[in-house]
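Swiss-Prot lists 12-32, 36-56, 94-114, 119-139, 147-167, 169-189, 260-280, 311-331, 351-371, 387-407 with the feature transmembrane segment.
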Amino acid sequence: MSQSLKRALFSALLVILVSYPILGLKLRTVGIKLEVLGADAQTLWTIAAAALAMFVWQLFRDRIPLKLGRGVGYKVNGSGLKNFLSLPSTQRWAVLALVVVAFVWPFFASRGAVDIATLILIYVMLGIGLNIVVGLAGLLDLGYVGFYAVGAYTYALLAEYAGFGFWTALPIAGMMAALFGFLLGFPVLRLRGDYLAIVTLGFGEIIRILLRNMTEITGGPNGIGSIPKPTLFGLTFERRAPEGMQTFHEFFGIAYNTNYKVILLYVVALLLVLLALFVINRLMRMPIGRAWEALREDEVACRALGLNPTIVKLSAFTIGASFAGFAGSFFAARQGLVTPESFTFIESAMILAIVVLGGMGSQLGVILAAVVMVLLQEMRGFNEYRMLIFGLTMIVMMIWRPQGLLPMQRPHLELKP
């Protein structure tokens, strides 16, 4: 099978897998349960047409510029379109357009769709953080959910015992998770491979068990509830404001609507993800980012270049853990309740699957994989087969596309005859 045909089939399948859960499946409330409704014929035809168009485009995209060039009477390089899309100005405008669409979209979408999108953004931030450790530094971390729990409980405890708000506790949660990453790094980062993975797995379980057994502080299995939501310049989005505060709808003189709270959570999550992407991309261009990549490729060569592998690993663990702390703090604010059972090994496995499925080191791959994984998780009608579908998907990916959906583009040279 030719490379173009493989690429076309994979792209068409990806369009179907992403489009059908978003456009085809609908949720209907029946009593206290949610029912999943299938797609109608028109939606199925639309998805099929989009998949067919993607298949044709990927199959003939290298030949189309040449045909167009001959038709109008001048020579066009087959890589011209690719070069145009790779121009910095083109990429900047494309990214700006996507950001604008992302900010405007929740005002026209349903509440359920916005809520799921917010959950996707949480996993995107977790994937970005773990991508530093696994994708860039090449360290297998199976206990990343422990830092996620530290961030969530930091905000919950600060709100419960000190009355801190979300915006005050957010940086503290990130720093606390980074501190735990730093403390974990010293005793374990001299380990490699499977030994490092086992120790990090134990760390995640230790954190969860401690949170469950420290009943007087953390509430034990019942967790901590009544965690306040984020505010907008001191305006709360609840129906009634606490003493000394004012509600959003009263300040602007509009009717109360619960959708305002959902949209605010989405916007806050989107801002955190955009900030995380900006920081990661800056770090990747700095010496510390180059050191992570050198460590991933060859630790012995990294040491030969004068770099201290322990310090490089420690920086990756610390910075990666801070992003989990930010995500955990926002998760606590969104849920309003945190319990130890929210931070099991399954969460670590899902975050790691997002990084591997998307392509280790690839930011766009993490975003796409988070969308696919969360949508798969939300398919309640297939709940019994969810883990089976998840396992089959990972097996197919390892066989067919082991580098991930959107692998990281690394600088390289090609010698052509």
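Cβ coordinates come from backbone N, Cα and C, glycine included.
The shown structure was predicted, so the numbers you read here are calculated from the model rather than taken from an experiment.
Here the transmembrane segment (351-371) has Cβ contacts under 8 Å with residues 18, 120, 123-124, 126-128, 130-131, 134-136, 141-142, 144-145, 148, 277, 280-281, 390, 393-394, 397, 403-410 of the same chain, all six or more residues outside its ends.
A contact between the transmembrane segment (119-139) and the transmembrane segment (387-407) is absent, since fewer than 3 of their C-beta pairs, 6 or more residues apart, lie under 8 Å. Contact between the transmembrane segment (311-331) and the transmembrane segment (169-189) is supported: at least 3 Cβ pairs lie under 8 Å, counting only residues 6 or more apart in sequence.
Using the rule of three or more Cβ pairs under 8 Å, pairs at least 6 apart in sequence, the transmembrane segment (260-280) is not in contact with the transmembrane segment (147-167).
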